[in-house]
Amino acid sequence: MLPVSVKSFAKINLGLLITSKRSDGYHTLETVFAPIDWYDTLEFSPSDTLSMCCTDSALPVDENNLCMRAAKALQESAGCSTGVSITLDKRIPFGAGLGGGSSDAATVLGMLNEFWNVRASLADLHILAVRLGADVPYFLEMKGLAFAKGIGDELEDLSLRLPFHIVTVFPEVHISTVWAYKHFYPRFERTSPDLRPLVTALCLEGERSCLGAFENDFEPAVFDHYPGVKKVKQDLLDSGSFFASLSGSGSAVFGFFDKREDADDALMMMREQGFRTSITAPDFSMVR
């Protein structure tokens, strides 16, 4: 089989409400995942052994990389001994709250299921995905907006697209999920709103009065510890964004814009400050 190249897209979180802490130490949450046009590229080439290389030398290419863990998990599950050479062109920043590693792992599961002719069902792949990480099932199973609960692995396809221009900015600060969960300010006593009808009203009816409900519970602690990240959010709002928020556990921040020219201006302003950025057109979905 000839080498195959596939795009692996990032996501943002529209609202991230941490609802409880389980006895096993994991936190439950409710969030809306939305895809953005920021992607890594993975190339799969035939090989007798399982190997990986990456354009970002800061990332491991052994079993500490989710891509390799995904490949080995599928091998073991299927009893497969076939190899593959994986080349990762890394563009999505890590430690950004954009799910880049999870997206790459999901792409590996899906592609190697075909590449190796494993023919595992989506349900079987879901089990492997959950073991790899809470965000991996979203990238494996969804193309557009999805509501997530549990640890982020219980998904509901909303069949919606965000009708706005989205500017996403990485403030060059790497924040680990472990750090974020250790430092966030719990509000477990709060009654969380149901985000599903709110995002439906936002996307289909243009109802923006609901945007205040889309809080990110990591944001206050992240902003207190990293004021530069807070400034990025304010800069997006000052540039014409009608809503801006931290994505995931950060440090990436995104803003919604009505006009493409305003989004382009904000993008250029952020790039002039040395930040990596992306812009996503309205109604975007993950089509590899």
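The backbone N, Cα and C atoms fix where each Cβ goes, glycine too.
According to Swiss-Prot, the protein has these features:
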| type | residues | note |
| --- | --- | --- |
| ACT_SITE | Lys11 | active site |
| ACT_SITE | Asp135 | active site |
| BINDING | Pro93, Phe94, Gly95, Ala96, Gly97, Leu98, Gly99, Gly100, Gly101, Ser102, Ser103 | ATP binding site |
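The structure, with features from Swiss-Prot marked on it.
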residue : record           : Cβ neighbours (10 Å)
Lys11   : active site      : 29
Pro93   : ATP binding site : 22
Gly95   : ATP binding site : 19
Gly97   : ATP binding site : 29
Gly99   : ATP binding site : 30
Gly101  : ATP binding site : 24
Ser103  : ATP binding site : 28
Asp135  : active site      : 28
Gly101 (ATP binding site) to Lys11 (active site) - Cα separation in whole Å: 11
Between Gly99 (ATP binding site) and Asp135 (active site), the C-alpha gap once rounded to whole angstrom: 7
Mapped DSSP class for Gly99 (ATP binding site), helix or strand or coil: coil
Local backbone state of Lys11 (active site), from DSSP in three classes: strand
Non-site residues, in chain order, whose CB comes within 8 A of the mean position of the CB atoms of Pro93, Phe94, Gly95, Ala96, Gly97, Leu98, Gly99, Gly100, Gly101, Ser102, Ser103 at ATP: Ala10, Ile92, Gly248, Ala252
